[in-house]
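Each remark here refers to the structure printed beneath this line.
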Amino acid sequence: MAEPIIRMNNIEKHFGAVIALAGVTLEVYPGECHCLLGDNGAGKSTFIKTMSGVHKPTKGDILFEGKPLHFDDPRDAISAGIATVYQDLAMIPLMSVARNFFMGNEPTRKRLGLSFYDHDHANEITMREMREMGINLRGPDQAVGTLSGGERQTVAIARAVHFGAKVLILDEPTSALGVRQTSNVLSTIDKVRKQGIAVVFITHNVRHALAVGDRFTVLNRGQTLGTADRQTVTPEGLQDMMAGGQQLATLEGSLGGTV
Amino acid sequence: MSGIVQGASDERVKEISSLRKALIRPELGGMIGTVAVFTFFGLVAYDSGMFNAQGVMNWSTVSAQFMIIAVGACLLMIAGEFDLSVGSMIGFAGMGIALLATTFSLPIWLAILLTFVVCIAIGALNGFIVVRTGLPSFIVTLAFLFILRGLSIALPQFLERKTNIGGLRELAEGDWLAPVFGGKVGTGLFQWLGDQGIIAVFERGNRAGQPVVDGIPMMVVWAVVLIVFGHVLLTKTKFGNWIFACGGDAQAARYVGVPVNRVKILMFMFTAFCATVLATCQVMEFGSADAGRGLLKEFEAIIAVVIGGALLTGGYGSVLGAALGALIFGVVQQGLFFANVESSLFRVFLGVILLMAVILNTYIRRIITGER
């Protein structure tokens, strides 16, 4: 495979006396969907927040396109091309889709030497991008609050891609969604991957991960249990790795199915 | 729950009637209220002189006072914060100008500029404390409500042994900056209108022949300028989008790179600026400063903003709506006077209309965000 677009090397993160990450290594390649799995408290959130510039690693280094990188805040990560879509903090319900789409990246037009928000341009681009993603809007001024959870995730993903993300981090995009909405978001992930963007898909749902993932990394208690390719994993194997042992297997036997 | 939609239209998205669409705008309450109060006073106070040149100028000036502070309060509220220190800031700023000009013998223009610098710095301090500590702005600015009111009484007491400083009109004579706040514009036009018989002129006395309204007070000009500025900033600029974003969801805004803290602090500074503009206009017009000025103005500003359709929780609102809210205030307050009704009824009206506006806003928000 080509060079990894981002390489997180032996990342450690301590919060006071708590060791949230105890040496995690991860490589992500362009055009792949890399699933990061782990149970609650495994360190997934801490890890992606380190990747997106919210936290600074206590130890370890980050190589982005082969060069070491230091983020002082999320804006650095965004301008480098690392975009993160958070589960419920992606969009502002009271604002229109167009205003949300261009939030932080407002297009401007000069008039009389002053710079104004370019509504026409913003509305046109928003409508086009939404059509491509399969979302029908009444108009660009429709409030995001009227969209479903899956549609909001899709708008947020489309926004990140439109503004030149090379690495797209999705923090549990499907965990609060219904079946149809989930499949919608998963197909969006597939579209994005095919454009050559590296997707880091965080989830604790093995079935969602297997639906779109190319490679899988499992976190458990702040450590990686290795990265596996699509060909070599089974749902049961991933599930066991996430739970960190055999307990789940026995539980599953008694319940008669996968969790 | 619209799922996978491929066709040209989604059968689950109902068309919204254009009437309903027209209703979903923040200014709705303000527009209804404006029509209602003008209709009401048009019926009960038409003969009282409320709608002749003098009467119009009277309630316009009072409305302008509300408008000036409502613009600042509106932008700040949309950015998700309150400022309860506006009223005290008006008293403090007025007293600042008066003391600097009299006790410290500074020229008026320097007194005004220094006061603006100090007050905007206090606004920035308000904002800085709010964004740094994460405390509700309600509490932080409540503290400044008391601090500033206390100072604007204590300082003149220490320095001059009184809480009302006069004689500023004489000091402002010939000053270059004072007319920007205390003067009138369009005096030539109004003289011409008087000469043409379009507006009334004084019949006798030493002002015989002069029109009864001799110009538009700078207070009104400031109100119009601030409304236009606020409206354009909010709806037509990149910064306006940031204001909405900060109030809508500060964390989501931060994640996409909006400098939330900077926006909030700037809005606190702008609110302080508006309060100081009003204070300066008052001082220049009355020729005096009083420690008690601006009492309860912070609440009146907030009520005007709410009538204008802004949500108390931030992220939604309109400067034009807030201006209409302020207009309603001015018209009712002066209208009760023209209609010869007990003026304390104004407060009853304030409470009632506030309640109605909040209920209407909640309903409108549900329509916008699709909640039930």
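From the backbone N, Cα and C atoms, a Cβ is placed for every residue, glycine too.
Taken straight from TrEMBL:
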| type | residues | note |
| --- | --- | --- |
| TRANSMEM | B:28-46 | transmembrane segment |
| TRANSMEM | B:58-78 | transmembrane segment |
| TRANSMEM | B:84-101 | transmembrane segment |
| TRANSMEM | B:108-131 | transmembrane segment |
| TRANSMEM | B:137-159 | transmembrane segment |
| TRANSMEM | B:212-234 | transmembrane segment |
| TRANSMEM | B:265-287 | transmembrane segment |
| TRANSMEM | B:299-332 | transmembrane segment |
| TRANSMEM | B:344-364 | transmembrane segment |
Query = the transmembrane segment (B:212-234) vs the transmembrane segment (B:84-101): three or more C-beta pairs under 8 Å (separation of 6 or more)?
reply = no
Inquiry  = Please tell me whether the transmembrane segment (B:265-287) and the transmembrane segment (B:344-364) touch - that is, whether there are at least 3 C-beta pairs under 8 Å between them, with each pair 6 or more apart in sequence.
reply    = no
Intrachain residues whose Cβ lies under 8 Å of the transmembrane segment (B:84-101), provided they are six or more past its termini = 69, 72-73, 107-108, 110-112, 114-116, 118-119, 122-123, 126, 138, 141-142, 144-149, 151-152, 155-156, 159-160, 165, 168, 171, 271-272, 274-276, 278-280, 282-283, 288-299, 301
Request  = Using a Cβ cut-off of under 8 Å, list the residues of the same chain at least 6 residues beyond the transmembrane segment (B:58-78) that approach it.
outcome  = 50, 86, 90, 217, 219-220, 222-223, 226-227, 229-230, 233-234, 243-244, 247, 267-268, 270-275, 277-278, 281-282, 297-298, 300-302, 304-305, 308, 310-312, 314-319, 321-323, 325-327, 329-331, 333-335
Note = Stretch winning on C-beta pairs under 8 A with the transmembrane segment (B:344-364) (pool: B:108-131, B:137-159, B:299-332) is B:299-332
Inquiry  = Can you tell me which parts of the same chain pack against the transmembrane segment (B:108-131), counting only residues 6+ beyond its ends and a CB-CB cutoff under 8 A?
reply    = 81, 83, 85, 89, 92-93, 96-98, 100-101, 137, 140-141, 144, 148, 168, 171-172, 175-178, 181, 260-261, 264-273, 275-276, 279-280
